[in-house]
């Protein structure tokens, strides 16, 4: 969350959420994640520890818990389209929860791992995500009207993580498994 992101379409590990902006917009989740990571880095420096952080954007995939997490709420909102005439067709950066787990293990086990790693597999407009889901599950009442946004939409670079050998699932597999998990849990019908 940053009102003044760097120039260009790509954000990498040098980019951080703006703490004051998070406070002003009451985005406590982003603020807490930013403060926790900064504290981890400060403690590591003071204690002489090596720290590696893995920073995912929206995380989809099969649910393990009986409640819906914040990332899944985004996708479910697009799929249920409850009382909304049109959705903002913004670019969403996303990753499969299983790919985040793989990235964490890779960062832990790789002696050359150091610093921060962005862990984002796909950057797609909401309409593209809905199109994929609709092709897999035509019976779902997905959003079908989208408001095109004008502006600088950012894509997260995972080049650094991929240099460690990280690979990720296709968007289709992630969305398919997410939707099937939501259906099994009775969240979508």
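Every residue gets a Cβ built from N, Cα and C, even glycine.
Features of the protein shown, as given by TrEMBL:
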- 20-114: domain 'NAD-dependent epimerase/dehydratase' (DOMAIN)
Averaged over the domain 'NAD-dependent epimerase/dehydratase' (20-114), what pLDDT does the prediction give? 92
For a three-state summary based on DSSP, what are the helix, strand and coil counts in the domain 'NAD-dependent epimerase/dehydratase' (20-114)? 49 helix, 15 strand, 31 coil
